[in-house]
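Taken from Swiss-Prot, the feature transit peptide applies to 1-9, supported by a curator's inference. The annotation N2-acetylarginine is assigned in Swiss-Prot to Arg10 on the grounds of similarity to another entry. Look at Swiss-Prot and you will find Thr12 tagged as phosphothreonine, backed by similarity to another entry. Taken from Swiss-Prot, the feature chlorophyll b 1 binding site applies to Tyr29, supported by similarity to another entry. The chlorophyll a 1 binding site annotation in Swiss-Prot covers Trp51, Ser57, Glu70, Arg190. What Swiss-Prot lists as transmembrane segment is 71-91, 123-143, 191-211, and the listing cites sequence analysis. The feature chlorophyll a 2 binding site is assigned by Swiss-Prot to His73, with similarity to another entry given as support. Look at Swiss-Prot and you will find Arg75, Ile124, Leu153 tagged as chlorophyll b 2 binding site, backed by similarity to another entry. Marked as chlorophyll a 3 binding site by Swiss-Prot on the basis of similarity to another entry: Gln108, Leu118, Glu185. What Swiss-Prot records for Ser128, Glu144 is chlorophyll b 3 binding site. As annotated by Swiss-Prot, chlorophyll b 5 binding site applies to Gln136, Phe233. Sequence annotations record features per position, and here Swiss-Prot assigns chlorophyll b 4 binding site to Gln136, Arg147. Marked as chlorophyll a 5 binding site by Swiss-Prot: Lys184, Gln202. Taken from Swiss-Prot, the feature chlorophyll a 4 binding site applies to Asn188, supported by similarity to another entry. Per Swiss-Prot, chlorophyll a 6 binding site is recorded for His217, Ala226.
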Amino acid sequence: SFEGGRVTMRRTVKSAPQSIWYGEDRPKYLGPFSEQTPSYLTGEFPGDYGWDTAGLSADPETFARNRELEVIHCRWAMLGALGCVFPEILSKNGVTFGEAVWFKAGSQIFSEGGLDYLGNPNLIHAQSILAIWASQVVLMGFVEGYRVGGGPLGEGLDKIYPGGAFDPLGLADDPEAFAELKVKEIKNGRLAMFSMFGFFVQAIVTGKGPIENLSDHIADPVANNAWAYATNFVPGK
């Protein structure tokens, strides 16, 4: 809203969620076989399954910082996982790319003709890895600095769940629905982080993208699985 020529935005609404994913009776990491939950893990925050063997959440300030880092990395991982599989899916369905496999696409910048974004020379044509690196640092640094340091649009808002102009669809308007969405985000984000790790391992071991690896596994599960490729981790083999 506009008040006296200034832009103001609502804060993210906080309330005690009634969802099964919060509170003392929330699902635990080993279900009924879980050990005693640490006293500092009360089920107040999304994604708390009562597991902290290393005691990383014992200090409140460290816990708050780690929660912020986890959510940010979850969001990057979800975007990254989508970026790894989507071009391959499009390529397999007839869409022309210069290179659809995620870990091979960037290497085209070292080729004689450079890199055309989406295989189209009329879009961005990149020839310098240093220019790409500098642009990445500046753009991502600006966005992250704005998020951490705050700015006119984010003043007074939660760093992790700002709401306001950052929630144009109003997904956080209903506190109960918002509490559920937080849980879905952290669960899918953790899965995406593991997926990205798996994509890296696949790239090193098989030299193929995730969709091609999946197709190979479906075609011949016995010959194309983790156990069959395990010897590739042994140096010299």
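Placed from the backbone N, Cα and C atoms, the Cβ positions cover glycine too.
Note that the structure is predicted; figures quoted are calculated from it, not measured.
The chlorophyll a 1 site, placed at the center of the C-beta atoms of Trp51, Ser57, Glu70, Arg190, has further neighbours from the same chain whose C-beta lies within 8 angstroms: Gly47, Asp48, Tyr49, Asp52, Asn66. Of the recorded residues, Gln108 (chlorophyll a 3 binding site) and Arg190 (chlorophyll a 1 binding site) place their C-alpha atoms 30 Å from one another. Here the binding-site residues are Gln108, Ser128, Gln136, Asn188, Gln202, and the one with the most other Cβ atoms within 10 Å of its Cβ is Gln202.
Non-local contacts of the residue listed as 'chlorophyll a 2 binding site' by the CB criterion (under 8 A, 6+ apart in sequence, same chain) comprise Gly189, Met193. Just so you know, of the binding-site residues Arg147, Lys184, the Cβ with the fewest other Cβ atoms around it within 10 Å is the one at Lys184. Taking Cα separation as the measure, Ser128 (chlorophyll b 3 binding site) is nearest to Arg147 of the binding-site residues Arg147, Glu185, Asn188.
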